[in-house]
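If you check Swiss-Prot, you get these features:
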SIGNAL    1-35  signal peptide
BINDING   36, 56, 59, 60  heme binding site
TRANSMEM  286-306  transmembrane segment
């Protein structure tokens with residue numbers, strides 16, 4: 001009887017341990033997923049607002065350059081490269097969520113015309129695969145195959161991101177036409193300053209929420225500070241919480257004003273957006289152009305031959 005109770009107790013403990021481990025895994029996985037800079041997918045139906053502004057700029061407040069290179073023209077049902085360049089100083093270090101310094105990561109969103117989409121693996125050439133590396137692209141939404149996102153990925157390795165794109169074929173997709181189309185891109189380097197819920201990260205400036213005298217600065221055990229501000233007019237105390245990793249600009253006994261910076265600005269990254277144009281070219285139009293150019297060349301050749309023949313006739317008449 002005692003042995004049976006012992007086995008029952010062991011079985012309950014194992015079940016409880018598995019349940020706890022599973023819960024920890026789910027919570028950890030969720031926090032990792034939500035930590036990716038693809039927050040726009042969770043909060044915006046379309047990453048590009050009606051004003052043309054890409055919503056990533058809501059979290060990445062600093063303005064930095066980004067560039068995109070695409071062919072001027074592409075033929076239907078062909079694969080081409082869209083290269084997004086996110087330049088920055090590789091020597092820079094950013095403040096990580098744990099307060100330590102680390103390398104910058106990068107991310108990008110590519111908004112293609114309707115009908116254009118990520119090329120399937122079997123259509124990508126070995127040379128293009130080598131340029132892509134180990135990158136894994138995602139659709140912004142299952143029904144928005146023309147909008148692609150990537151990141152975060154190590155900036156030192158992927159400051160240039162090559163997207164393999166498959167051009168549509170108007171012969172099979174009646175919604176696509178042989179026209180000039182715009183392509184929009186947004187790219188960030190480094191962490192954002194604002195989370196989607198509106199709260200600040202530790203990668204931005206923290207300002208005083210009240211004016212007065214700093215009566216106390218408490219350094220927290222796990223990093224960060226609690227700054228107590230006393231309003232001299234009514235003795236009201238306000239405590240501002242500063243997360244770890246930030247450098248203070250103030251000291252105890254100092255008089256400060258409302259919204260005065262309490263920390264330096266740690267942000268070394270930023271977000272930028274750009275655009276390009278691409279022409280989906282009709283192959284028949286290309287063939288017609290080649291035929292026309294060939295006709296012009298042949299006409300020039302016949303003209304030269306005719307001129308030489310005429311000169312020979314003139315020369316023979318003069319000799320006669």
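Positions of Cβ are set from backbone N, Cα and C atoms, glycine also.
Taking each of the binding-site residues 56, 59 in turn and counting other Cβ atoms within 10 Å of its Cβ gives the largest count for 56.
In the three-state DSSP assignment, the secondary structure recorded for residue 60 (heme binding site) is coil.
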